[in-house]
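K.L.:
So TrEMBL lists these for the protein:
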- 7-31: transmembrane segment (TRANSMEM)
- 9-410: domain 'Major facilitator superfamily (MFS) profile' (DOMAIN)
- 43-67: transmembrane segment (TRANSMEM)
- 74-95: transmembrane segment (TRANSMEM)
- 101-128: transmembrane segment (TRANSMEM)
- 140-163: transmembrane segment (TRANSMEM)
- 169-189: transmembrane segment (TRANSMEM)
- 209-228: transmembrane segment (TRANSMEM)
- 248-268: transmembrane segment (TRANSMEM)
- 280-300: transmembrane segment (TRANSMEM)
- 306-333: transmembrane segment (TRANSMEM)
- 345-364: transmembrane segment (TRANSMEM)
- 384-406: transmembrane segment (TRANSMEM)
Amino acid sequence: MSRRQQWLTLIVFSVANFFSAACISVMAPFYPHEAESKGATATQYGLVFGISQLVTFIVSPLYGAYIKQIGPKFLLNTGVLMSAVTCIIFGHLHYINDPDLFIGFSFVVRIIGALGTAAVPAVSFSYVTMEFSGNSGSAFACVETMFGLGLVIGPAVGGVLYGYGGFTLPFLVVGFAQFFTSCVSCTLLPPLNDHSEYGTDDLSIWDAIRIPSVLIYIYTIFVCAFSIGWYESILEPHLRPFNLTPSYLGLIFIFDGIAYSITTPIWGRLTDKVITPRTANIICGIIGMISFLFLGPAPFFKIPTTVALCIGSLVTCGVAFGGLLVGSFNGMLNDIFRNGFPDDLSAYSIITGIFNSSFAFGMFSGASCSGIMMDTIGFDWGAVIVAALYFIAVMLHGGYNLYFYVRRFSSKKYSLTEYIHTTESDRLDDIIRNQKSCYGTIHHDESDLEDSFKSQIMNGFCLKSLVIDCK
């Protein structure tokens, strides 16, 4: 792709991801009240929130595996159109008064919509990281920011529109916006190169999952998504004692979205250039743990629940979400390439499928468990459980870092004290081969390595006490 086509693709993908996520989350501030008014329980409408994520969890790996066979542009356009149509249909379900039929049709429409919504990030995450491979963290952060922003801005928009026009208006506005996006995608999106000549068909998702560090990143993505699905489903009943209007309640959801949208590109840049993805996960895991302890707030803090405390906790949650998601995606890419995966579309598609599936399963689990927790232990103790999940993630990343820190410094070191003359070509070749064998696992460019050594030799440089630490 040309530079212009790359940026056009990035913009279209970003907009499509934003409205796809908004179609999922727009009902958060008012659907629980609507469902309860028809006789549904918190457990029932919690499952309605979660069912779309369960579908995404199932189909995301399939989309990632067969994206080349289906065709990326066809898959994207079909997915955007399906999410738009089902969102508009969902806005008319409030005319059903029977609680069982209302919940049943809610399930059906959400399932069909999820089949389309899952296709959008499956295509976009794979392609932006492929086309911007030199800055995959920043490119992924841009698209993921828009998807995450749709998840958290959707409820804010939904609450405001619900206050003005009732149940149907939020779904009509978001649904038709997504429909317009599908038209733009069909007409303006440049042809997507399927990179089939560079693909590796014998790779599978299991090849990546067998890597221990990837499993830790998967758990981190799950915890992050679990916490989002958990509080989005039951934050409205938690704040109901404050008698907030739907518009004001919807605006509360926007605070973590603002923090998320501002910090996610920063985390992407940091994990590309400054810190390791695992370090970002440790930092943001601690932030997330503390945030949920105060979001409850935890009963052992013995402080009252206030709107200001809730807003402050959501802001810090948004900061944590950005670092956790971007860090996990970038970390998985780094680890599979370090373990011999080819840098091609197949590898990017596999990681995208793992990411989307893990995130969706977390959202499903969080939304599904939220109603059960609300009915049994309450919001405050539920927040403590979520904080404990973050604590486990921090311990896993910290333990992994400690293990390899100890392993690195206990490994055998080889010391080479050599005076090399330009005529000793056989000695030069031996040392170059030694360097390649020692550092090949971290992807140093072999030609650059060889040129560097030769230039030093030609300049009469003597290699003295060169310490090489081999695994």
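Cβ atoms here come from the backbone N, Cα and C positions, even for glycine.
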K.L.:
Could you tell me what the rest of the chain brings near the transmembrane segment (74-95), counting residues at least six beyond its ends with Cβ under 8 Å?
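P.N.:
Hits for the transmembrane segment (74-95): 16, 19-20, 23, 26-27, 34, 63, 67, 102, 105-106, 109-110, 112-113, 115-120, 122-124, 166-172, 174-176, 178-179, 181-182, 185-186, 189, 192.
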K.L.:
Take the C-beta pairs under 8 A between the transmembrane segment (140-163) and each of 43-67, 209-228, 248-268, 280-300, 345-364. Which stretch has the highest count?
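P.N.:
Answer is 248-268, with the largest number of Cβ pairs below 8 Å.
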K.L.:
Do any residues of this chain, six or more beyond the ends of the transmembrane segment (209-228), have a C-beta under 8 angstroms from a C-beta of it, and if so which?
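P.N.:
Beyond its ends, the transmembrane segment (209-228) has Cβ neighbours at 53, 151, 277-278, 281, 285, 288, 292, 317, 320-321, 324-325, 327-328, 331-332, 335-336, 339, 354-355, 358-363, 365-366, 369, 386, 389-390, 392-393, 396-397, 400.
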K.L.:
Under 8 Å, at least three CB pairs between the transmembrane segment (101-128) and the transmembrane segment (7-31) (pairs 6 or more apart)?
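P.N.:
The transmembrane segment (7-31) and the transmembrane segment (101-128): touching, yes.
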K.L.:
Go through the chain and flag residues at least 6 beyond the ends of the transmembrane segment (7-31) whose CB is under 8 A from any CB in it; none is fine as an answer.
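P.N.:
For the transmembrane segment (7-31), the nonlocal Cβ contacts are 1, 45, 48-49, 52, 76, 79-80, 83-84, 86-87, 90, 113-114, 116-117, 120-121, 123-124, 127-128, 131-132, 139, 142-159, 162, 167, 170-171, 174-175, 177-178, 181-182, 184-185, 188-190, 192, 232-233, 235-236, 246, 249-250, 253.
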K.L.:
By a Cβ-Cβ criterion of under 8 Å, what residues six or more beyond either terminus of the transmembrane segment (43-67) are in contact with it?
P.N.:
24, 28, 31-32, 35-36, 75, 103, 106-107, 110-111, 113-115, 117-119, 121-123, 126, 194, 204-205, 225, 229, 232-234, 345, 349-350, 352-354, 356-372, 374-375
